[in-house]
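Below: one structure, written as structure tokens.
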């Protein structure tokens, strides 16, 4: 497995991040051997590369456990306010390298594996991604956990341990096929099952009203078993916990209905209960009102709240005896953050526990609930908003429906008092939507039941106040805040782009890794020839490495000197991968028209998954691959234009492609992308952005200066005006010859000669019912892309612009985001203080 060292690798050994201590390396080798033999029960004659990965993982994990136990002891002794981040998704990716980075073990492990004749990078590639998320929302939760640990907050991530995460995407004949993601097949060395904290969760049943109050009876019980994963902060010896619940049937499941011969069936039917945590719903920005999904949402909430209350009541470390019974202090000790409306049932569930079980009166319980809960909104797309049918809630959670009705009644009384006589406002603001199917609007429930409501970028938060939540803002303006999203610089710079992290550290030191605003110091290097050269060199090395990866994995040849033009994100009409396609075809047609004219060579890479039931998104993937089939095999084009669909885009692939990108495509219709976080990752890794004034792009352009950003297209106001006037695609088709040619090519089967009408649905949508107005931005987009190519011809000026972008990306650290949540929503103060290491005395 060992190979000669490249110059870059030899240079790594004189890293400013310090050499591996000899005794450290010896110790790691000893522990590696111990785990190979005693944990995995293998010797070198029968060990596979996967065994070596597991041995290394266990060796690294050993360095976490002392810190993990210490951290939890510290929290029990200090009893700080706890932060509970509730999310149906945590898109964690791989854990090994991130743990080594945060614990400063990377060099020592690299040296130890090298001395054992192993290649650490090859071992890292064996780890499965923990793909427990769809896209941005789940990845944000993962970045937030990293930042909360790095800022020393007593924080816990709570979610579901899906047996199957986001599907693996295979492209067959240009079409997306889904494959189950059996990520736990070989076991997960990072989790620790905690069966002793298993808790019951109730479903169905009925409500009995007694003199003591309401009782929820005759329920079906499913057990929630927690699995804990350590979350290390950056070099501060803090290790927090992500606790994921797995569904288990109770031992007496269905056996009370026991009849002769029924026993076997009863045992087989245990699967029905355990299906709750079987699979992640693969929808991004789309609501699918299925009973199993509602069960998942209640399952995580019910188990988590029991855990929160148990921890609140027992103030001593490891003690399960109730101590605190007064809930007045609950909001001073507990903050619950709802990541979108998916965990919104936390509000009625907390009310149920306080009123029915803890016997608080309604007003006191409501005060506690509102002070405890806060809600983050992630989208304004109407099809993404959760509206659960009343009949489903009535069957599955009858007591919660009653509580929601009571919340609604009291809420509407407040609205009526504040706006007397405004009947339509009552209808608009009700948690209950009347119609053919009566529904509960979960966003309205969250706003009513939270003390803070935030959007995830400044423009998004403004849109919330002016449009979908306008009525609520007028009632309670103090609730509404903005918290612009961020990304963790540990994973998204130090881990994925060590070359860039290194040359930055050589100029400004290493403190920027936990204080990203320090990147501003790089502004004084914009004209430094050596730094310009270094930045360009690192980018070229990353491009060569990614080109080699594509060749190895997909047998795809690309020109590493071409401009790497990258759009990677979920496939969705609002993200406008189709606009990108129109540009690619424009470039192709121009080359065909003037084959001898110089063009800046481009490799256009598009990647992302389509929800399995989203027909248009799947057609878009087929179109991208079809364009590639034509463009990549046209001898006239040569290597001046290549179109690559990146199969199975996921966290571990993002870590490879983002550092190699020259151009980042962030081209959603203004007003549709709440924030975006991929945009920030590209900026931090030295790509330039072409984008609309949408989501966080607005703030990125503000930080970098608009002259260092390729901005095009309609602003939100322009989109609104166009809506009022009526968007007519035909106007653009008639006026723009290049656009007309493309649509004719799509209609005539130019890109699908065996099936001429293959793309008729796409053409029909673009021409007649395109909600996202692709044609309206086409001309400006193509012109803006010409400016991109022109700048790319001047490598020095391009790199200077890159440096300005990197230097102004500090705002987009999730450390900044979390510090704002902490101070402005949770009422806690972040801290960069180190805990003592396990081998240090506690002061």
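All positions are counted from 1 along the displayed chain.
For all residues, glycine too, the Cβ spot is worked out from N, Cα and C.
Computed from a predicted structure; not experimentally measured.
Checking 466, 681, 754 against Swiss-Prot, you find N6-(pyridoxal phosphate)lysine recorded for 681. Closest to residue 204 (phosphotyrosine) by Cα-Cα distance, out of the recorded positions 143, 310, 314, 747, 748, is 310. Taking the C-alpha atom of residue 514 (phosphoserine) as reference, the shortest distance to any of the recorded positions 143, 310, 314, 747 belongs to 143. The recorded positions shown are 109, 143, 430; of these, the one with its CA atom nearest the CA of residue 310 (AMP binding site) is 143.
Counting only same-chain residues at least 6 apart in sequence, those with a Cβ under 8 Å from the Cβ of residue 109 (site 'Involved in the association of subunits') are 28, 56, 59, 60, 100, 120. Long-range Cβ neighbours of residue 747 (phosphoserine) (same chain, at least 6 residues apart, Cβ-Cβ under 8 Å): 759, 760, 763. The two recorded residues residue 473 (phosphotyrosine) and residue 227 (phosphotyrosine) have their Cα atoms spaced 39 Å from each other. Residue 43 (AMP binding site) carries neither a helix nor a strand DSSP state and counts as coil. Ranking the recorded positions 314, 430, 514, 748 by how many other Cβ atoms lie within 10 angstroms of each Cβ puts 748 at the bottom.
DSSP assigns residue 204 (phosphotyrosine) to coil, not to a helix or a strand.
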